[in-house]
Amino acid sequence: MAIPSVGGPYVWGFLAFSSVLHFFEQYLEVRQLQKNKETAVPEEFKGVVDESKFLESQAYQKDKRLFGFVKDWVSFVYDKVQLFLITPWLWHYAVAVCGEEAEYSCTLFWLFLLQWVEKPISIPFSLYSNFIVEEKHGFNKMTVKLFVTDLIKSEVLTYVFGGLLVPMLIWIVRYFGAGFYLYLWAFMQVLMLAFMWLYPNFIQPLFNEFRQLQDESLKEKIEALAAEVQFPLTKLFEVDGSKRSGHSNAYFFGFWKYKRIVLYDTLLHLKHDDILAILCHELGHWKFGHTLTNLVIASVHIFVLFWLFDLVMYSEVSKQMTKQFGYGEANAVMVSLMLFMLLVSPTEQLMNLFMTMRSRRNEFQADSFAAKMGRSDALQSGLFQIHEENKGDLNPDPLYSWYHFSHPPLVERLRALKLLDAGAAKKDT
């Protein structure tokens, strides 16, 4: 089965951008690795962080980073082989099996094959990450059996939702023709709202056990905190995150006046005041409307992408893309969408950077809300303990953290909280 040759301005442009981005990100990893090799406690943490705890954190971060180097380079090479050789070959194979006119079955068969092409890389890396790196540092709680069952469940969900949604996407593009972006965008809005309800209520319970918070004293305090800030709390859960990892977390979800708070069981050993301060931070996100604003930004972003894709799909550009990437005369919706997303990846990278910077700003705002509620000291205590137990990076490189961190480094958050405390004290006097 002959495959059309690969090459042209779109191909070389994407290859150049992805290569430059990869080398830049590897440069950042090298910078951070050098910081993780340092043995002296940073000046801001002297007298606060135990030296042995700092060295444990450094060792964990260094091991993750060294593993990341191997994973990134193998993935970079494998992704290019897959993109330029394997993926177009599988498309032509799917066409040969299903027939040129059978776009729906061709696309689903092609996507099914692609699901398994990456497994020889992704599964070994995931196993090594969990059972070597995380295990070595005391975080992995997962068994091999649980790993396998998680993988099977994830695959089944992918097939079910992919089998339902991909044909719907193709139908919208084909049925409405030029101008389909409005209908596709509306469909995605409904889908986003549906998944915001489906995921916590039906999908996540397939992987974790949720139960009512057992600590009655803590439950009463959280309910009092929610009432104090007028947060419409309806249910309060704890989840068995400890069966997979020693890392901790807390979050809320739900629509309008039906909000729910979830605490990982790995968080419940903290003092009640510290837990309440961390939840007060989470409530700060709600109070400032961060989740709603992010949804609006995502909605506008998707609208623009679909509008641009509409301009491309039925144009000469689409034909050139498919030819240059080795798909010949293919005029399939999912092939064109995949290639379109590759070619807009430079602007997507800028969008990701903008959202990362915005996320850091939101974290500072949420911290300030907890401080205004009189919980600054408890929040500092809770953040510090979580960071220490999770062996978070206490010595981040400034450029690395600016590019990668969606949450500000701990030292910056503590410094900001202390400034807020000093300002409040000065105002009181």
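The backbone N, Cα and C atoms fix where each Cβ goes, and this holds for glycine too.
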Where TrEMBL places transmembrane segment among the ranges 6-24, 82-100, 101-119: 6-24
Long-range Cβ neighbours of the transmembrane segment (6-24) (under 8 Å; 6 or more residues past either end): 72, 76, 80, 84-85, 88, 320-321, 323-326, 339, 342-343, 345-346, 349
Same chain, 6+ residues apart, C-beta under 8 Å of the C-beta of Asp367 (active site, proton donor), given in sequence order: His281, Gly284, Leu379, Arg413, Ala416, Leu417, Leu420
